[in-house]
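A short write-up of the structure that comes next.
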Amino acid sequence: MHAFNLSPLSLLFLIFSLSFCGTFCLADWKSSAVNPFDSSILLPVKGNVYPLGHFTVSVTIGNPPKVFELDIDTGSDLTWVQCDAPCTGCTLPHDRLYKPHNNVVRCGEPLCSALFSASKSPCKNPNDQCDYEVEYADHGSSIGVLVKDPVPLRLTNGTILAPNLGFGCGYDQHNGGSQLPPLTAGVLGLGNSKATMATQLSALSHVRNVLGHCFSGQGGGFLFFGGDLVPSSGMSWMPILRTPGGKYSAGPAEVYFGGNPVGIRGLILTFDSGSSYTYFNSQVYGAVLNLLRNGLKGQPLRDAPEDKTLPICWKGSKAFKSVADVRNFFKPLALSFGNSKVQFQIPPEAYLIISNLGNVCLGILNGSQVGLGNVNLIGDISMLDKMMVYDNERQQIGWAPANCSKPPRK
């Protein structure tokens, strides 16, 4: 989720808010189903890979409405907000916490059962409240209870809705990792389980069960729900693999370096917007790092072990201001999928950052060192300036180069 934080491998659902349109008026609220192929929900995104380490959207919840800034995470299903029930480990001021109001979801409700397999359900009685506990890969965690509340949404066709959606009221948070706790209000889980936001909105016939994001290398971007903003051409598509936990995974893929195959094959890749950086298992990471180091021979760069921004950094004769200053020293990477000729391009600006010390650092990390085992994650840095689409109806993942600084037009 954050600079070294990875998304949870967990559960749950969603909520959402206003689009690029301005102030929302309660008097305009109305419940109406629309043709799910007719419109989408379009939301502005804030954040960057470095130095913030996350991309967020503002989600409005309740009546009267309160705005919550949530970390966008396609690697998990659980959407939750910091909750005054009361709260342990919350990072927001008391008046910015979500306040439950006898709106707890019960164990007997379908939304609760969608969170757990029969063997893992904490419920003993259908009238009990639906509790959850989720642990993140960086050993952070959230404990809470599932609740429901209206979530005002504006569709791109102008229709305004306030569906009653389920999400987590997190009253016990633990921050993992060595960094300061994030200032976001919670996590927006966008995985492909039956409890997520996209699935619930689709079940209500508001939008198709399709979502996408476009993160700009300059910061910001947009997020959408629904199918009508997906480009009709120019997209590369791969089937979503059925993997444990319902991740957005594709493969097998082969690594290309400088336009040539390098003998690294069989990678299964998970697309995870909750991870700031891209993670390869130790074998792939070591091979890619060797390729990069060999490619830098003769270039005016030296190792910068004193820079602790990321594990691998290089310095030049003077401080760098942007990746454009160094991109010619590095060759592009690409991931080629099977015999389909589909490639996921990773140019230097999609795997490098410039640290606050003016050095260039590698945004591809060793996942085995942080407990990911053999998992390979494509994080935010490698999805910059790409339209990423997760089509849960057709069970496919797509991408295309895009100007993410401008919202799409129908």
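Each residue, glycine too, has its Cβ placed from N, Cα and C.
Computed from a predicted structure; not experimentally measured.
Look at TrEMBL and you will find 1-27 tagged as signal peptide. Residues or ranges marked as domain 'Peptidase A1' by TrEMBL: 55-400. Positions annotated as active site by TrEMBL: Asp73, Asp272.
Here the CA atom of Asp272 (active site) lies 7 Å from the CA atom of Asp73 (active site).
In the predicted model, the domain 'Peptidase A1' (55-400) shows an average pLDDT of 92. For Asp272 (active site), other Cβ atoms within 10 Å of its Cβ number 28. There are 26 other CB atoms within 10 A of the CB of Asp73 (active site), with all protein chains counted.
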